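A quick write-up on the structure given underneath.
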Amino acid sequence: MHAPEEHMPNSVKEIWNLATQPGFLAYVVTALLLVGALVLFFEPRYGQTNILIYLGICSSMGSLTVVSIKAIGVAIKLTLDGVNQAAYPYTWLFLMVAIVCGVSQINYLNKALDTFNLAIVSPIYYVMFTTLTIVASGIMFKDWAGQSLSSIASELCGLITILSGTILLHTAEEGANNSAALLPWPLDKGSISWCINLSSDNLLKNVEEDYFTALQSSPAPV
């Protein structure tokens with residue numbers, strides 16, 4: 001209802017002009033400086049303990065990946081319509097940026113998944129990546145230009161609702177998994193053994209006193 005109308009550029013050159021605006025150049029420089037600081041200074045010291053290090057790199061590079069992929073998508077669409085965009089050097093530049101940023105994004109996302117629990121990585125990464133992508137697209141394409149304050153406020157409320165719901169869902173799932181791990185008699189661990197009480201002379205009578213036990217190690221021979 002309140003999403004801004006998307007403007008479809010007529011050429012890759014037009015997207016290049018949008019990408020070289022002072023506002024978006026400032027965002028790109030800020031993102032690259034942030035990534036450089038995280039990689040060079042913070043990752044060696046806090047990468048294994050602070051989840052925001054890896055995810056900050058992923059999200060910053062991911063926002064640039066999305067913008068570059070959008071430019072490539074426009075170039076492919078226009079080329080298929082008969083307007084060849086391969087002759088523009090901007091097309092290949094956007095392709096190189098998309099490959100470099102995409103590979104870096106996947107690399108550090110894998111590091112985050114190897115170091116931290118998926119239930120923690122997924123919601124934080126979703127929140128950071130979505131937020132930075134919206135910011136980058138809004139600065140570059142000026143999606144909010146000409147919109148009323150009520151529409152912008154409604155969009156922000158919708159974004160906050162989605163992000164909050166994502167965090168709550170993963171939090172509830174993590175809590176359910178922790179509760180299941182605390183249940184007694186975990187049949188998925190160890191083995192089930194049939195133990196017979198031989199304390200009296202009547203073996204048939206003692207069958208009624210038999211019981212199942214879940215053992216972590218093999219029982220001693222009877």
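Each Cβ is built from the backbone N, Cα and C atoms, and glycine gets one as well.
In TrEMBL this protein carries:
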TRANSMEM  24-42  transmembrane segment
TRANSMEM  51-76  transmembrane segment
TRANSMEM  88-109  transmembrane segment
TRANSMEM  116-140  transmembrane segment
TRANSMEM  152-169  transmembrane segment
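Residues 18-19, 21, 23-24, 27, 31, 51-52, 54-56, 58-60, 62-64, 66-67, 70, 109, 159, 162-163, 166-167, 169-171, 173-174, 177 of the same chain sit 6 or more residues outside the transmembrane segment (116-140) yet have a Cβ under 8 Å from a Cβ within it.
Under 8 Å from some Cβ of the transmembrane segment (152-169) lie the Cβ atoms of residues 1-4, 123, 126-127, 130-131, 134, 144, all in the same chain and six or more residues away from its ends.
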